Every structure is written in C-alpha cells, then in structure tokens.
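Under the heading disulfide bond, Swiss-Prot lists C22-C47, C25-C32, C40-C68, C74-C95, C96-C101, C119-C144, C137-C166, C170-C191, citing similarity to another entry as support. The N-linked glycosylation site annotation in Swiss-Prot covers N176 and is backed by sequence analysis. Annotation comment: Swiss-Prot describes 1-19 as signal peptide, evidence class experimental evidence.
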Amino acid sequence: MKSLQIICLLFVLVARGSCHSCEICHNFGKDCQSDETEECASAEDQCGTVLMEVSSAPISFRSIHRKCFSSSLCKLERFDINIGHDSYLRGRIHCCDEARCEAQQFPGLPLSFPNGYHCPGILGVFSVDSSEHEAICRGTETKCINLAGFRKERYPIDIAYNIKGCTSSCPELRLNRTHEEHGNGLIKVECTEASKITPSE
C-alpha cells in the first residue's frame with residue numbers, strides 16, 4: 001500500500017508551468033485548503049487541481065493536489081488505468097484562471113467484464129524496470145499504456161516510477177526531461193493496441 005501512496009503523489013508531478021500564483025496544498029481525501037501559494041515557474045501556465053484515486057482491492061484511497069501545472073497536463077483532464085490484480089489508478093484534472101480550482105469529482109467505477117484483451121501491468125516505485133504481471137482488460141479498455149519517469153529531490157538518487165496497464169484511450173502527454181535540482185521528468189509515454197487473449201489449448 002505504501003507504493004500506491006507514493007505513486008499517487010508522484011504522478012501529478014510529472015509536468016510542472018508562468019503567469020501567476022496558485023494555491024498549493026496536498027491532502028488525503030476529497031478536499032484541501034491552504035493560505036499558501038506558489039509562483040508558477042516558467043514552464044507552468046495554469047493553476048489546477050488533481051483528484052487521484054488508487055485502489056487495490058479491497059482497499060482504496062483518494063488524494064487531492066492543488067498547484068501550478070503545465071497546459072499539456074491540463075489538457076489530459078482525466079485518466080483511468082487498470083494495472084491488473086483488481087487495481088486501478090484514476091485521476092481527474094481541472095485547471096482554471098483562478099488561484100483555486102475546484103476538483104472534478106469521480107463517478108463510480110462502471111460495472112464491466114473482461115473483454116478478451118490483456119496488457120502488461122506494473123505499479124512500480126524507485127525503478128523504471130519493475131517486474132510485470134498480466135492486466136486483464138475490461139469493458140472499453142483496448143489500449144496498453146506505459147508511463148515512466150522520475151522525481152528529482154534532495155536524495156542521492158532520483159525517485160523513479162513506472163506505470164503500465166489497460167486504458168480506454170491514449171493520453172496526449174509530452175516527454176518532459178528536466179535537469180532542474182527539484183524537477184519532474186516524464187521519460188516514457190507509450191500507448192499501443194492491447195493483445196487478444198489466446199485461448200488455452
């Protein structure tokens with residue numbers, strides 16, 4: 001469960017942006033509030049709120065993050081990744097011209113069944129080469145997503161992460177390699193057609 005929490009916090013940091021100050025707060029749950037603001041850096045251009053949900057049956061939790069974001073991440077708006085083993089990583093992104101953007105709430109997970117496709121599944125922290133397992137795609141999930149990146153902090157090594165699984169559509173994310181002291185790098189974005197499950201003989 002610790003890995004799920006770390007992934008949740010890192011995923012919203014892969015794209016950082018120049019225009020004004022935004023409220024900054026992070027909290028577990030559905031809401032957060034703070035008097036603290038941050039001046040957006042040169043690559044950031046909008047204030048935004050990301051509501052994350054990570055579930056690994058039978059446990060799930062949500063977190064909320066308000067800060068400066070790049071316009072490319074704002075355009076993503078939402079993501080739903082089935083990482084296998086009854087686990088999901090979901091996000092809702094809302095950006096605005098105000099210092100505080102309201103969160104877009106989650107609808108309930110739709111009832112869906114295996115659709116005959118599968119993808120590699122990974123939810124890895126501290127490595128971009130984590131061990132894979134099979135993610136059985138469900139409902140409209142016919143694409144395989146592969147995201148890898150790192151978070152640069154004050155540690156001797158970068159905090160790496162790798163996410164793979166089934167998704168319904170391919171997100172439009174740009175690679176973001178950073179050389180800043182405290183930055184975020186999205187070093188791999190791949191989206192391919194899911195494979196058909198071959199019936200056993």
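Along the chain as shown, the residues are counted starting at 1.
Glycine is treated like the rest: Cβ placed from N, Cα and C.
Of all the disulfide-bonded residues listed here (C101, C119), it is C101 whose C-beta has the fewest other C-beta atoms within 10 angstroms. With a 10 A radius on its CB, C166 (disulfide bond) counts 28 other CB atoms from all the protein chains. In the structure shown, across all protein chains, C47 is the one of the disulfide-bonded residues C47, C96 with the greatest number of other Cβ atoms within 10 Å.
Rounded to a whole value, the Cα-Cα separation of C144 (disulfide bond) and C74 (disulfide bond) is 22 Å.
For C166 (disulfide bond), the nearest neighbour among the listed disulfide-bonded residues (C40, C68, C95, C96), judged by C-alpha distance, is C95.
Relative to C40 (disulfide bond), the disulfide-bonded residues with Cα atoms inside 10 Å are C22, C47, the candidates having been C22, C25, C47, C95, C101.
It is 11 Å from the Cα atom of C101 (disulfide bond) to that of C68 (disulfide bond). Looking at C68 (disulfide bond) and C47 (disulfide bond), their Cα atoms lie 5 Å from each other. Among the disulfide-bonded residues listed (C32, C96, C137, C170), C96 has its Cα nearest to the Cα of C74 (disulfide bond).
Sorting the disulfide-bonded residues C25, C32, C74, C191 by the number of other Cβ atoms within 10 Å puts C74 first.
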